[in-house]
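Below: the structure, in structure tokens.
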Amino acid sequence: MSRGAGALQRRTTTYLISLTLVKLESVPPPPPSPSAAAVGAPGARGSEPRDPGSPRGAEEPGKKRHERLFHRQDALWISTSSAGAGGAEPPALSPAPASPARPVSPAPGRRLSLWAAPPGPPLSGGLSPDSKPGGAPSSSRRPLLSSPSWGGPEPEGRTGGGVPGSSSPHPGTGSRRLKVAPPPPAPKPFKTVTTSGAKAGGGKGAGSRLSWPESEGKPRVKGSKSTAGTGASAVAAGGGGSAAVTTSGGVGAGAGARGKLSPRKGKSKTLDNSDLHPGPSAGSPPLTVPAIPVPATSVTAASTQPLGPAPPITLEPPAPGLKRGREGGRASTRDRKMLKFISGIFTKSTGGPPGPGPLPGPQGLSSSSGSRELLGAELRASPKAVVNSQEWTLSRSIPELRLGVLGDVRSGKSSLIHRFLTGSYQVLEKPESEQYKKEMLVDGQTHLVLIREEAGAPDAKFSGWADAVIFVFSLEDESSFQAVSHLHGQLISLRGEGRGGLALALVGTQDRISASSPRVVGDARARALCTDMKRCSYYETCATYGLNVDRVFQEVAQKVVTLRKQQQLLAACKSLPSSPSHSAASTPVAGQASNGGHTSDYSSSLPSSPNVGHRELRAEAAAVAGLSTPGSLHRAAKRRTSLFANRRGSDSEKRSLDSRGETTGSGRAIPIKQSFLLKRSGNSLNKEWKKKYVTLSSNGFLLYHPSINDYIHSTHGKEMDLLRTTVKVPGKRPPRAISAFGPSASINGLVKDMSTVQMGEGPEASTPMPSPSPSPSSLQLPTDQTSKHLLKPDRNLARALSTDCTPSGDLSPLSREPPPSPMVKKQRRKKLSTPSKTEGSAVQAEAKRKMWKLKSFGSLRNIYKAEENFEFLIVSSTGQTWHFEAASFEERDAWVQAIESQILASLQCCESSKVKLRTDSQSEAVAIQAIRNAKGNSTCVDCGAPNPTWASLNLGALICIECSGIHRNLGTHLSRVRSLDLDDWPRELTLVLTAIGNDTANRVWESDTRGRAKPTRDSSREERESWIRAKYEQLLFLAPLGTTEEPLGRQLWAAVEAQDVAAVLLLLAHARHGPLDTSVEDPQLRSPLHLAAELAHVVITQLLLWYGADVAARDAQGRTALFYARQAGSQLCADILLQHGCPGEGGSTATTPSAATTPSITATPSPRRRSSAASLGRVDTTIALV
């Protein structure tokens, strides 16, 4: 075996060197003919075929077994043995002159045949460089197909000869193909090619070059072309003729005339140059091709050219002998590597990714992997909408926006989504739920929008998943409009009212509106529903031509991003390190006391450090859960001087009290920070410090109460809006200010140990100064650093030096004096002012300060007491100040930081004019466009000028700029003029103008002109003014009332009850002639305003108030219209009534469930502000002024 291995290695080297110079050819045994007999070949004794049933390993004695140089299922057999008993030594590999090509005419009855090399004696002929086509080699050699399979033109001189039935094992780039072409002289249209899975000569068949191992198959996919699958034998079909192909363990295709399958012309791509030899296909023996067995479910076929019509392909299970032939014919690793190297010389793989491809053509066969390729190609060609993608489960680096779409089947939501995703319109009514995704750019950042279209009602999973929900209905379908209201109710019931962060949008689709199906849902009804849904925007879209489609999704995504930022800001405010509210949030309110209700003093309610006691607070909160009597807290009045000095309470008492204070206040705004502080007003005459329970709420308000009991019961409390305030610390520079004198050696401006402060420069500056004890008999106070800096002429510099600067020796002539006390003492009760210029020196100022301290504290002992002052101020925009003092500077800094955070949050929630213009420009444009779209609003109501830009609110009409000046002269009781472009348009004003319009207004105010000519756009101002005054002031053209004799009050009640806006406007116009008797025979003595508020009709409510309805009118139970508006759940009606000075609801609202659940408007200010002007101008009776 070792000698055979040496011969193998040597033969390999020789073969590689002569690879480019030698052309190897295999010639099948020719039919018995005189011409064939003349061309003999040595080794004819080995030409007898072996018995097909004889095993491969059963070799005759004296014959050495052949060893293969290469094996790749179709490798060429090369003898590596020396001459034995039955064989001759193969000749050396030397080039031979090519003989002229000669056509071969096989016998009609003979069929083209290919068989593997038998294990007989070695070939005596060896590897001939150029065997003649008509030669008769020994039958012990395995003939190879030499028919050209590349489809290109054949080389010159090779058109007539060749080996019968030869074919290239490399028909295409990355694929394997067997092609049987008819001979050029007389092709036959139909032939039968039969392939078997094993060698005919034995049960352990050798490998064939027409089938490659699975691990080495490298098919490619390029464009519409596909390549052969792994382990599959493909037979390509040409353009003319066809053939039935039967394969075992592979898939074949019909074969016909030769087609162009490769761009490489005249070049050999096989080991033996057999692809350059044409061969006949008629009368040839059957082809026997060993193939790798593959499952029937994973059969693939490939072709580099579309196939013509062909009969169906028959798949057969692999023969048993094929598997044994594969297993017995495996080559070594070295042989396989060598074969890969040789194959790479003649074939050049494409750059496509490896993978099986589907079979093109009419056969339509594809494997599971081929189906995946087809699916992948279809998805790549489709738009960005992908259904059931893994994007719903995998994490991404870009943020997500989860958007849900709800609506009826006929709402048009599927067409809306399809238009947004693809940009094209398609009538879709999907009865099942779908999922989509698309990338969007929001605030300059890419977001992945996950769209979930729900076919039915939302469930709990959907309500928790969605960041925004779009409710879609069709403007021509009443049922879809009603379904939206039910869907919204179900969503709110699942998600809850209190859970914020959900952006809502209501969309009315115009896709189905036509002459046969007109619009049935008016704009006023849709906007009223949008108002009831709260924090909802209304849009009208048309997916047919894309009106507002992209805008809906863009604005909803923008709203989601804005809400997320606000939630993050609030979460940051709530997670302040100094607020212990989250540590004891689960403690019940009922169990709040401290050892029978006794507390020592103020110091017992404050932790000594904001970082201590969070873990212990949770344990102590459980300890006090069973105690009661919350009203007994702080009953005893304590001396102010002992609040911070005497700490008689234990740590457990302090923590339990602190935990109680943090858990109170259920049912109101979320408290961010709360504790006891000292408070005094800076503007009142009473300068005495009082202990208050101070609470900082998440809505931007600071509340303080005399006791915790008052806070629990919401009595005797004051609050201030932090939007209009700022917080300051006395003697401390503003944040971000950089000191010009270097870093401070003190802690928050207070030097703890003077012995460690460097009092000068140079070598002696590093020596600690001694600290002599204070002398009680002397009135000379210690020259502390605060007093020295405050005595400087520049007050700002003094403030900076007192807090942020390290004192140096040259700042003051007194700076080098040794301090008599180791502790620096700050003033506590009175702010020091800058000394006047008339004062002689700083010593006089110091003497005054000492005398004031002596008078205030009563003794010199208290002057040198180590007592610290931790004060901060809240200053309003009106100049009012509130002084608060904490127990430590850590607590003070925590309060200052929390208040600054809330001020920032309030300012960010409050929209300035520019921000409002940018964010609300599109929504305002929609409102203005809706006003312009009202009937008759394209021209001026008085002169007919086109495109009016001004409006009269109480008339409900649009006017031009020339007529607007005349309307202003009439007075606001007749005409309230507003610009469409320059003024803001609240929701209620937009509803009024869209509900009336110029057409309705002229039918009321200009019904009978009495032959008078109406002015035109070219009329003079005098003509316009005369017409306008006659029309609105003198009521000359007013439409008459009906023939009914009912009082105007009853007619107005009936019109309000019928919600007839035009009739209400006409009756209100006639009521100007005299007082309007609104008394009706109503058992509850309600007025039309009560009825309008009960019906939640915003337009009629606004018109009644403009035309003089009594906003303070009460019914039999003493309830005003505000009660009915809140009972109906109409926030807009309630806002309108409050703007016109409507008093409280009146009566008892506890018996009305809807009124009890309706949020109060005046009790707790809303944390969200629509505009800065509205926030600064609001009036609240609970705001503290002192």
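Placed from the backbone N, Cα and C atoms, the Cβ positions cover glycine too.
Looking up SER140, SER146, SER196, SER1172 in Swiss-Prot shows the phosphoserine annotation sitting on SER1172. According to its DSSP assignment, ARG410 (GTP binding site) is helical. When averaged over the region 'Interaction with EPB41L1' (1-23), pLDDT in the model lands at 48. Take the binding-site residues GLY407, ARG452, ALA455: by the count of other Cβ atoms within 10 Å of each Cβ, the lowest one is ALA455.
Each of the binding-site residues ARG410, LYS413, ASP511 was scored by other CB atoms within 10 A of its CB, and the lowest score goes to ARG410.
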